[in-house]
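First comes the structure, then the notes that go with it.
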């Protein structure tokens, strides 16, 4: 699976929204049993999600369970796992033991939403069952007692720490949701900032955000062209026995080759032979 650029949360108690999500072009759909669902609707949401998983989706589907230790935890796991989702999202994880205890045979995505979660991120990412980390910035900002800041300056250390932990263990990492979905300019800016910080993609709360996230975290035609050019030059240099290869006046090293190959893999394009 390519790294997800967009992961759209869809409330489990909204069957029409679940049905519509199949047509939106998100890389991943996250069917939600937690924050978006009121306690009195949890059981119905669980039934809706299981039915939707049986019907299938054109993209990978993850399910966000209720928090570990909640009264819904066991019923969530028993019902959802029978329908074989592509991943499970665990909220507010702070200890590696939570992931270690869930030997469920399904890739886990752990939400980092507290100061303790940030500090535990390296241990969480090291767990074999963990596919990636997701930042939950709303709860994190509350836990850190930071004020609102469109630039997310108070969170930059924590955001970078989560990315660093994920990258150290070759795991995926997704940026937090952007709450004001009507602010398209601010959303695009935050997407580009998130990509610059090293995130693979972004979690979303509204269908209108999908296209911008896919574009912002995707690979542009210019990037694909540049990657092909670099790899052609590298292979030609190796065939000719050159000790130094340059492209447009810049020295090419092994790390640049790997980066170019990664660009083509994400774009679904083959490298030159």
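Counting begins at 1 with the first residue displayed.
Using the three backbone atoms N, Cα and C, a Cβ is placed for every residue, glycine included.
What TrEMBL records for 5-207 is domain 'HpcH/HpaI aldolase/citrate lyase'.
In sequence order, 91, 92, 135, 136, 138, 139, 140, 143 are the residues near residue 113 (substrate binding site), counting only same-chain partners six or more apart with C-beta under 8 A. Secondary structure from DSSP puts residue 113 (substrate binding site) in coil. Look at TrEMBL and you will find 64, 113 tagged as substrate binding site.
Under the three-state DSSP scheme, residue 139 (Mg(2+) binding site) falls in the helix class. Sequence annotations record features per position, and here TrEMBL assigns Mg(2+) binding site to 113, 139.
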_Please give me the CB contact count at 10 A for residue 139 (Mg(2+) binding site), counting all chains in the structure._
18
*To what whole number does the mean pLDDT across the domain 'HpcH/HpaI aldolase/citrate lyase' (5-207) round?*
95
